[in-house]
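To start, the structure under review is shown below, and the notes come after it.
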Amino acid sequence: MPMEMWIIVSLLLMRPAFCSNSLDGFHGQFTSLNYPQGYPDNVQQSWDIQVPRGYGIKLYFSHINIEPSANCAYDYVQIFCDEATHSPICGNSKEEVDFQVPQEYHTTGNWMKVTFKSNFSNEERHTGFVAHYAAVDVDECKEENPCNHYCNNYIGGFNCSCRPGYFLQENQRTCAVNCGPPSKLTNGRENFTSTVYRHWNTYSCEEPYYELEGNAVFECSADAEWVDVTSGQPTMPKCKPGKYLTKYMKRKTT
Ligand SMILES: [Ca+2]
Ligand SMILES: [Ca+2]
């Protein structure tokens, strides 16, 4: 073989093996390169695991045999999930007494990344690892407590429900009472954007012919009743004839 060819072949053999994989099933298994024959030098592998929304991921290793080194500086497996990076893993789960096969890893999000990296040498053969993952339900009611009344967890999701007399708001999370439309004011009008708990209604009169007597601002209370925000009472204000109208009426009667 000519010299040039030898150089090309040597460079190809030395070239790091990059490999990126996507896994999107409900469960699966993956291994380091060439498992169980022993992984090569200069390997970089990564696995992006994605399960459907509403599920988290459980991951565990059934076998690990990676060249041991201080802080796993040489060769290692590493896990990224829930915006956190876990410590690198290396060593041998079978021979080393002190080595503990890592416990299961759990995510609350539906994505996880696993990377494997080997450096330029191994003094002896190391078989690598076997990892298993599965989609598991996330109990959103425990993790987030997203509902203000009842939270109902189910596999792949959750929903909220309300105590009697309340209804679920558009956000599908919070429960509120509904006061219904506020009472009409003779010679006046109502001004409100919503009729549910804690929303306000402001009365006004047909100025300048009528003037408001009493308080203008009412709130939908927890008892599903419009109450005056100042007094807490449901006492309605009134629209009384104003100066113009009083003069006009006087003129008309004289
Ligand atoms: Ca190595
Ligand atoms: Ca769930």
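Numbering starts at 1 and runs along the chain as it is shown here.
Cβ from N, Cα, C; glycine included.
Note that TrEMBL annotation is computational and uncurated.
The shown structure was predicted, so the numbers you read here are calculated from the model rather than taken from an experiment.
Here is what TrEMBL records for this protein:
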type: DISULFID; residues: Cys141-Cys151; note: disulfide bond
type: DOMAIN; residues: 19-136; note: domain 'CUB'
type: DOMAIN; residues: 137-172; note: domain 'EGF-like'
type: DOMAIN; residues: 177-241; note: domain 'Sushi'
type: SIGNAL; residues: 1-19; note: signal peptide
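According to DSSP, the secondary structure content of the domain 'CUB' (19-136) in residues is 3 helix, 59 strand, 56 coil. Same-chain neighbours of the domain 'EGF-like' (137-172): 52, 54-56, 108, 178, 196, 224, counting only residues six or more beyond its ends whose CB sits under 8 Å from a CB of the stretch. When other Cβ atoms within 10 Å of the Cβ of Cys151 (disulfide bond) are tallied across all protein chains shown, the result is 18.
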